[in-house]
Amino acid sequence: MFSSLYPLVRAQLFRMDAEDAHHLTLRLLRAAGRTGLAGALAPRVPDSPRTVMGLTFRNPVGLAAGLDKDGACIDGLAALGFGFIEVGTVTPRAQPGNPRPRMFRLPQADAVINRMGFNNAGVDQFVKNVQAARYRGTLGLNIGKNADTPIERAADDYLYCLERVYPFASYVTVNISSPNTKNLRQLQGAGELDALLAALKDKQQRLADLHGKLVPLALKIAPDLDDEQVKSIADTLLRHQFEGVIATNTTLSRTAVQGLPHADEAGGLSGRPVFDASNEVIRKLRAEVGGDVPIIGVGGIFSGADAQAKLDAGASLVQLYTGFIYRGPALVAECAQALAMRAA
């Protein structure tokens, strides 16, 4: 029912400022999660279980981090049929992010540009929100660093967040690829990444001993990488036995949107224009890591065929964000059905 109504809802939301519409959507999702309305209105999504990173996913179509930064809408989102939910990015301390306006739609390209800057209420509130959710499915918690933490001390922020979220996560995503936190992508460099992953894996083992469970770690990377950088990242993931990698975050490229309104705004571009670049990174990663590091594919999925293309490139699971904004819950069902049929 809601799927047929969503174009009308979207038309109203798209008349609003992009960030105001985002906040309204979150409020509606929070209310729908409390009342059970989201599940009643959402299209039926078939179960198509997958085992990845040692975890069972109800279906291979997840929500990417960034929509629900504070983990306040988990129940409402889960009712829409996602096989897994990822929330965040969260930082040790609350921070406002970058000045507004900082989110821009490019509807002619089915795209969004954002420079949010990890705005969030901090990890303590994040954990409270996660604990309050009734959802018991697969839940990814995405961690980052505060904007005012020197890049040389970035590992401290990631280690602190990992310790705080560890007991409540199905898996933890380490986000080093947002273009909206100064110098963050430097952590994708060979030396910096090697040191960070070594520290995280050491912390993971100590937390596993403490809590009696091993929570997988996934690394989220950018699409703006050359072949040598992809190989270096793949080698580092293998060396430290990271459990997963998410490919990819938003792009700094504007080639596909030149001349469109807002195309020159600073920030990361997501949506249809990042689809091919994301797939190319997935293919290169798969060639380097084989089956040893599962890949979660994200970037520009607007149809079931797009989701299948991610798996064909080498991903084991997919995530939606911008396509979900443009198409609504119907996209979740379409992608899940397409992947279930392919697996049958």
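Note that Cβ sites are derived from N, Cα and C of the backbone, with glycine treated the same way.
The annotation FMN binding site is assigned in Swiss-Prot to Ala65, Gly66, Leu67, Asp68, Lys69, Thr89, Asn142, Asn175, Lys220, Thr248, Gly271, Gly300, Tyr321, Thr322. Taken from Swiss-Prot, the feature substrate binding site applies to Lys69, Asn114, Arg115, Met116, Gly117, Phe118, Asn175, Asn180, Asn249, Thr250, supported by sequence analysis. The annotation active site, nucleophile is assigned in Swiss-Prot to Ser178 on the grounds of sequence analysis.
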Whole-number Å only: compute the distance from the Cα of Ser178 (active site, nucleophile) to the Cα of Asn249 (substrate binding site). 7
Can you name the binding-site residues among Arg115, Gly117, Asn175, Asn249 whose CA is within 10 A of the CA of Lys220 (FMN binding site)? Asn175, Asn249
Students should find that the Cβ of Ser178 (active site, nucleophile) has, within 10 Å, a number of other Cβ atoms equal to 24
Quick check: which same-chain residues outside Lys69, Asn114, Arg115, Met116, Gly117, Phe118, Asn175, Asn180, Asn249, Thr250 lie with their CB within 8 A of the centre of the substrate site CB atoms? Gly66, Thr89, Gly97, Ser178, Pro179, Thr181, Gly267, Gly268
What is the interatomic distance between the Cα atoms of Leu67 (FMN binding site) and Gly117 (substrate binding site), given in whole Å? 13
Please report the DSSP secondary structure of Ala65 (FMN binding site), reduced to three states. coil
To see if you understand the setup: which same-chain residues, six or more apart in sequence, place their Cβ under 8 Å from that of Asn249 (substrate binding site)? Asn175, Ser177, Ser178, Pro179, Lys220, Ile221, Ala222, Pro223, Gly268
Cβ-Cβ distance under 8 Å to Tyr321 (FMN binding site), same chain, at least six residues away: Leu63, Ala64, Gly66, Leu67, Ser270, Val298
Simplified to three states, DSSP reports Asn175 (substrate binding site) as strand
Hey, how far is Lys69 (FMN binding site) from Gly117 (substrate binding site), Cα to Cα, in Å? 11
Could you tell me the C-alpha distance between Gly117 (substrate binding site) and Ala65 (FMN binding site) in angstrom, no decimals? 13
